[in-house]
Amino acid sequence: MGSQSFYISLLGVLTEIVVLGAIWYVYLREREKEKYLLFWMIAFSLIFFSEFVIVLFYSQVLKYGIFLKQVFQITATFLLMWGVLGLSFREQFRYKGLFAIAVLFVILLCIASEIHFKDRWKYIVSLALIPPVSVYSGLKMISRAKRLMFPSYKVFGFAIILWGIVPISHFIFDYLINKPSYSLLLRYSVEEFIGISILVLVIDRSFARAIHIEKLYRTITDTMNEALVLLDPEEKIIYINNRFCDLMRCKNPDALRGKNFLDFVPERFKQIVVEKTRMRMLGVSDTYEIELKDMEGGVHNVIISGAPYYDEFGIFKGTIGVILDITEKRKLEIDYQMASKLAAIGELAAGIAHNIKNPLQGIILVAETLKRKNVEPYWVDMLIKQAEKINSILNNLQFKAFMDSRTDIQVVDLNVILREELKFLEAHRFFKHEIEKDFNFTDEPLPVRGIYSDFSQIFSNIIKNAIDAMYSMEKKILTVKTYKDDGFGVVEIGDTGVGIPDEILPKIWDMFFTTKPTIYTRKGDEPVGTGIGLATVKRLLEKYNGRVEVKTKVGEGTTFILRFPLATNSN
């Protein structure tokens, strides 16, 4: 082997090392690995090793180089064909036994040629097998490429056909016209062409799979019932699905892309969204409830399940939000709450009538006395006191109705709200006459920022549950305690009721879950339940970042410990 041929071989081997490394690197990074691609890559690896052993052979480092080269190259040719057939049969790789027999037969033929033929004829096995098998495989590959619509497959088919020409050119240039350098240049060019075409195939398949997966994901997201939105770290909308477009009353998704998500969030919820984005940057996923404004001005109650998403280097790229529209559900809850309130009002009305009736009787009696006698200061004072009592009851009722109707955010004192709720319950006959009260309010104000009626609902629902829990108990004590603790206003509401069993405790926050009888199943005047009260408490606590702890013992009672972040000048 001349020095020129040696350097051509060395350069060819080094080039093939680079191509081979690139192919395997790209292929191994693929999550889904097609078998036919694997066969072609093994085939190219065998072609590389055939050139490597022939360099060692001519360097007198390795004996039987021609034998090994033929075995590697013919086996590689059969692998190329088997990969093509596997592609045609949709990866149903048949004829495994036949392939093994063919490789064994090739090895025997190569051994025979090594023993019986001189140098130029030792390649007779390659000359006889590689061209027809390669041409057949290449033509079948080109035919298959037309149906698959992959141009890279057609290029690879052409490369396989060229591979079939290599043994013929080797025989002609090396032994007939004695120009081995021409043969080497052609051979390495074809081999590297095969390697590069396989590399292009792997990349092409990777892109095709990525496009297919993207289409699949888009189909899934566009057909899901929940709205989906993808935000960058600056809250700008990157991607939305059809359901989000419907939610926002948007006809064209492009009208929303690039807009700031906060533009669709009412002012009182913007700080919540900003805080959630900060949490996403820290890797926190959670669920929260806010309102969204659509492009027509409508307001929707939504639950957002947010999670961070990262690029392939683990860098935070934004937020994925799955949005559930619960507007209709909230309307239904409000209707249920209204029905529940009306039922409570009916019950309280009887108590109010009873409370007003007594002072009215006193007023009537005094008035009749004034008719018969001269007016004395005692009777006048009594008349005034009874009238003031009625006025106090009506003022209390009027104040509660006014405060519950307000929807603006303001700073309110938890002590004031609690006292008003308890004062209002004095109209409840069972509460007034049957329940022993143990109230201990802190002298310090407990200011919180929010809607008055939200806190009123929280306390009234828990107190009502406490009263109902003591309905059949002999000992009936309602305990209410407030205090300040580490930036939180704490409210404890306890009862000596039936208690909550451990297996039921996790379910008490579920919507429509109740252990009380309904209006259709109750006996006498026992309290009824709708399963809405504590679910509403949980929702409102989450709205104000409040916390709740429940301590309970069956037969002894239950205590709810509520913690609310106190309002400061900064918030």
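Glycine too: its Cβ is placed from the backbone N, Cα and C atoms.
Fair warning: this is a prediction, and the values are worked out from it, not measured in the lab.
Sequence annotations record features per position, and here TrEMBL assigns domain 'PAC' to 286-338.
Under the heading domain 'Histidine kinase', TrEMBL lists 351-568.
Here TrEMBL flags 6-28 (among others) as transmembrane segment.
The transmembrane segment feature in TrEMBL is assigned to 37-58 (among others).
Residues or ranges marked as transmembrane segment by TrEMBL: 64-85 (among others).
Per TrEMBL, transmembrane segment is recorded for 97-117 (among others).
Summarising the annotation, TrEMBL assigns transmembrane segment to 123-143 (among others). For the transmembrane segment (123-143), the list of distant contacts is 66, 70, 73-74, 77-78, 80-81, 84-85, 87-88, 106, 109-110, 113, 117, 153-154, 156-168, 170-171: same-chain residues at least six beyond its ends, Cβ to Cβ under 8 Å.
Among the features that TrEMBL reports, transmembrane segment is placed at 155-173 (among others). Only residues 6 or more beyond the boundaries of the transmembrane segment (155-173), in the same chain, are considered here, and those with a CB under 8 A from a CB of the stretch are 40, 73, 77, 80, 84, 120, 123, 126-127, 130-135, 137-142, 144-145, 179-180, 182-183, 186-187, 190-191, 193-194, 197-198, 200-201.
Across the residues of the domain 'Histidine kinase' (351-568), the predicted structure has a mean pLDDT of 79.
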